[in-house]
Amino acid sequence: MACLRSSFVFFLLAFVTYTYAATIEVRNNCPYTVWAASTPIGGGRRLDRGQTWVINAPRGTKMARIWGRTNCNFDGAGRGSCQTGDCGGVLQCTGWGKPPNTLAEYALDHGGKCHAIHCTANINGECPGSLRVPGGCNNPCTTFGGQQYCCTQGPCGPTDLSRFFKQRCTDAYSYPQDDPTSTFTCPSGSTNYRVVFCPNGVTSPNFPLEMPSSDEEAK
């Protein structure tokens, strides 16, 4: 069985959890280059418009993330930097990306039912001024810190800033304790997945993202 959860821990985080090994196709539908990243398996890959990258996730994979990086420059040794989602200045990521970044997070160890999770809102274009950074829209915890936004010292609730994300991407995990409205499950075994950047082919680099919960094409 499999579990899906979408989230806004670092800008936008889509969370997927399943039990057995799975194939994940990462597709770039954006009209610009995306340097996709995947940890702890995969590393990184440059994806020009229309290109795909297939990741084979083994059973037992946990705390795994897939995200997009923009405005990157790498040398022949795979060293450089990205304006968004940078992972220590390397093409082949081994750690998590630096906010702002749009993510899909998954673990192959749960079960239940699911549906396609997505965000196709213009987050960058509508981003509150206090969260704007070059190339993206940051999350409130990274920007302001503190218990109100980071929930590191006990229970906390949504804020006006977290509601900004939730209203536009209802599947999203919009603050650190938003699990009840952003956890989904999927069948195991024959189910494979696609992570699609710009599922609607938008023209601005705001990384709307869709993660369908089956082998069907992203809408």
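Cβ coordinates come from backbone N, Cα and C, glycine included.
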With the disulphide bonds as TrEMBL has them, who is the partner of Cys82, out of Cys72, Cys93? Cys72
Cys150: disulphide-bonded cysteine as recorded in TrEMBL, out of Cys137, Cys141: Cys141
Per TrEMBL, cysteine bonded by disulfide to Cys198 (from Cys3, Cys30): Cys30
Which one, Cys119, Cys127, Cys137, Cys151, is listed by TrEMBL as the other cysteine in the disulfide with Cys169? Cys119
In whole Å, how far does the CA atom of Cys127 (disulfide bond) lie from that of Cys87 (disulfide bond)? 23
Within 10 Å of the Cβ of Cys169 (disulfide bond), how many other Cβ atoms are there? 24
Which one is it, among the disulfide-bonded residues Cys119, Cys141, Cys150, Cys151, Cys169, that lies nearest to Cys87 (disulfide bond) by Cα separation? Cys141
Integer Cα-Cα distance in angstrom, Cys186 (disulfide bond) to Cys72 (disulfide bond): 34
Sparsest-packed among the disulfide-bonded residues, when each Cβ's other Cβ atoms within 10 Å are tallied, from Cys72, Cys87: Cys72
